[in-house]
Amino acid sequence: MKIVFLECSVELVPRSLWSHPQVLKSARRYGIEPGDLLLDKSLHYNAMAELPAKWKRGRPDILHVALLTTTDSPLYNEGLLRIYFQVYDGRLFEVGTGVRVPKNYERFRGLVAQLLKTERVPPGEGEALIRLHSRSLAEFVEREGRFILMWEKGSPTTTTYVAARALSTGLPIGVGCFPRGEFKRSTLRKASEAYSIMGGAPLKTWGVASRIVYALERLKSPFT
């Protein structure tokens, strides 16, 4: 079973913002170069004012909570759930088995900033906790198949139905991982089907993910 967090609001601070006072302040605080910082709206709100699509950027906290939620599930701990996430530049990363995502948000930010630069953590040889899987969503689809998309404009259904579809087809379940706005058209085109739950109400990423994982557990896991 596979879940992929799509279009995550995760990226390093763009070069155009390196000289902004808020970015420089953050860099001095953490003792690193501006280009090694993760873009974060809570720290760089004013700096982000002129960024294109700023409403979909600078929210790594959403991915943090989503990963904490999914990696804390029996399904993941039994080795039955594979987790992927797509960052802002389009790359997709795979979370290894048995990974303990840092509960401390600042530690998580540092880990993801390193990941975006080295494409695996820890860097070097040995087993990676998180590693690059695909350089684009198109490549991901080639390797893993088209995905079942959770989308508030999709066909209304239940999480049980979505979980059953994923189990019968072997396709990943895609969940948006950004604060507001729409999926890119290129993302929508790569979905095999799209469904909404809870009457199409807008739900938080981790809310959707937790409901889907629980539905998968009820259908698949012997311990639920």
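Quick reminder: no glycine exception, Cβ is built from N, Cα and C everywhere.
Over in Swiss-Prot, the protein carries these features:
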| type | residues | note |
| --- | --- | --- |
| BINDING | Gly176, Gly181, Met198, Gly199, Gly200, Ala201, Pro202, Leu203 | S-adenosyl-L-methionine binding site |
| SITE | Arg59 | site 'Interaction with substrate rRNA' |
| SITE | Asp61 | site 'Stabilizes Arg-59' |
| SITE | Arg100 | site 'Interaction with substrate rRNA' |
| SITE | Lys103 | site 'Interaction with substrate rRNA' |
| SITE | Arg107 | site 'Interaction with substrate rRNA' |
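Under the three-state DSSP scheme, Arg107 (site 'Interaction with substrate rRNA') falls in the helix class.
Around Gly181 (S-adenosyl-L-methionine binding site), a 10 Å sphere centred on its CB holds 14 further CB atoms from the protein chains shown. Ranking the binding-site residues Gly176, Gly199, Gly200, Pro202 by the number of CB atoms within 10 A of their own CB puts Gly176 at the top. Of all residue pairs in Gly176, Gly181, Met198, Gly199, Gly200, Ala201, Pro202, Leu203, the annotated binders of S-adenosyl-L-methionine, the farthest apart have Cα atoms separated by 19 Å. Taking each of the recorded sites Arg59, Arg100, Lys103, Arg107 in turn and counting other Cβ atoms within 10 Å of its Cβ gives the largest count for Arg59. Using Cα positions, the member of the recorded sites Arg59, Lys103, Arg107 nearest to Met198 (S-adenosyl-L-methionine binding site) is identified as Arg59. Lys103 (site 'Interaction with substrate rRNA') is 30 Å away from Gly200 (S-adenosyl-L-methionine binding site) when you measure Cα to Cα.
Most buried of the binding-site residues Met198, Ala201, Leu203, judged by other Cβ atoms within 10 Å, is Leu203. Secondary structure from DSSP puts Asp61 (site 'Stabilizes Arg-59') in a helix.
In the three-state DSSP scheme, Ala201 (S-adenosyl-L-methionine binding site) is classed as coil.
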